[in-house]
Amino acid sequence: MLEKVYLYHLERISSSNTYTKTFIGIDGAGKRLADEVLQVVKKGHYSTRSAYDLIGEGERDRSQEECFVKLWRLKVPARFLVFGWRLLRDRLPTRKNLQRRQIPLPDSLCPLCRTHQEDASHLFFHCSKVQPIWWETMSWLQLKGAFPLNPKQHFLHHLGLQPAGVRNSRWHCWWLALTSSIWKVRNSIIFSNATFDANKLFDEAIFLLWSWLRGYEKDFTVHFNQWSNLQWTGTMCVFAYGQTGTGKTFTMDGTNEEPRIVPRALEEFFRQASLDNSSSFTFTMSMLEVYMGNLRDLLSPRQSSRPHEQYMTKCLTRINIFRHGDALEAKSEVSKLWMIDLEGCKQLLKTGAKGLTLDEGRAINLSLSALGDVVAALKRKRCHVPYRNS
C-alpha cells in the first residue's frame, strides 16, 4: 500500500482573527501530492473526500492491491471498511499477532474451537465452528470450491464466484458482514465469557447486511436461517422501542408498497411451511393491546373481564394449514413469536399533559420501566425475573 506523510500547515488570514487548517500531502520522495488533502468545510468539519480519492488512486496503480480497491467500493459504514482492511492486512489483534509483539498471553489457542493457534486464516475461515457456516452459505447458491489459505485470496475468491440470481452488492457485502460478526462473537467469548452459538452468529451477520443495504435496495429481503430450527421450536420476541415519532409502527407494519417486519415474517413462515410436504403446520394468531394496564383483544367484537389465562386461550383467531403427513402420530413441536409495537416514552413535565392524557402517559412510562427491568434481569441471568411488575 502507498505510504504517505501528511504535514500539518496552519495559515492565519490577516484580515481577521480566523485560521485555516490544511494538510499538505508529501510522499516519501518529497514530492508534493495535493495542496488540500484534508480541509475545513463551511460547517466546521473536516472533509476527507480528497484524501480518500488520493489513497484510492494509489491503490488502483498497483495490481497486487486489487482486493483493497474492491473493498473500498463496498457500500458499508467506514468502521467496517477499516475492519476489512485490517483483516486483509493481517493487522487484527489475534493471539498469534499479539504473541508476535511479545505480549504475554495465557495461551494462543482459538477461543472458538480451542484446538489450533488463533490466526486470521484459522479464526475466520478454517475453524471447525466457522467453516460449516461458509459451506452452508455456498450450498444455498449451489456453489462449490476449496477455501483459499489467506484472507486476501479468500476475499477475491468470494467476490469472483458471481452466484446466479444474487446481486453483486449483496454477495460482496456478505463476506464483510460475516467476518465482522465472527470477530464480534470472538471478543464476546474472550471478554464476556459468552458461548458460541452459530444461530446467533448468522442472525448478527444477516442484520448487518440488511442495515447496510436497506437504503440502497428497496426490495432487499433475507430469508430465515435455513439450518436453524428456532423458527419452529422455541419462543422469540421482537419489539420496536424508541421515542414517539421515530417510526416504530412503520418498522413493524409498513405499508402495502413497503411491508416491514410483521407481514414479512408471516409471509416467510407460510413459505417455509409450504416447502415441507411431510409435516402438518397449524398457525394461531392473535392481536392484543395493553391499555392502561388492561389487555384488550383487537379481534374480538366484545370485551371481557375474564382472567388473562382464559382470555389468552379463547380470544384467538386461528389459521390452519395442513400438509401431507399424519400430525396425530408425529412429534408435536410448539413455538411462539411475539411481535410488539411499543408506545414511545412520554415526557409528562415538558408536554404539560392533564386528565386522561396524563393517566395514559403514566401507564405507558410504568409499563416501559417494568419492561426495562425484565430485560435487565434476563441479560444478567438473574434467578428472579420481575415479569409481573407491570
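Cβ from N, Cα, C; glycine included.
What TrEMBL says about a protein is an automatic prediction, not a curated fact.
Given the structure is predicted, the values throughout are model-derived calculations rather than measurements.
Positions annotated as ATP binding site by TrEMBL: Gly242, Gln243, Thr244, Gly245, Thr246, Gly247, Lys248, Thr249. The domain 'Kinesin motor' feature in TrEMBL is assigned to 237-390.
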Relative to the mean position of the Cβ atoms of Gly242, Gln243, Thr244, Gly245, Thr246, Gly247, Lys248, Thr249, the recorded ATP site, which additional same-chain residues have Cβ within 8 Å?
Ala240, Gly344
Taking only the residues in the domain 'Kinesin motor' (237-390), give me the average pLDDT of this model.
74
Sequence gap of 6 or more, Cβ distance under 8 Å: name the residues on the same chain that satisfy this around Thr249 (ATP binding site), in order along the sequence.
Ala240, Asp341
Let me check the 10 A CB neighbour count of Gly242 (ATP binding site). How many other CB atoms are there?
12
Given the binding-site residues Gly245, Gly247, which one is most crowded in terms of C-beta atoms within 10 angstroms?
Gly247
What is the one among the binding-site residues Gln243, Thr244, Thr246, Lys248 whose Cβ has the most other Cβ atoms less than or equal to 10 Å away?
Lys248
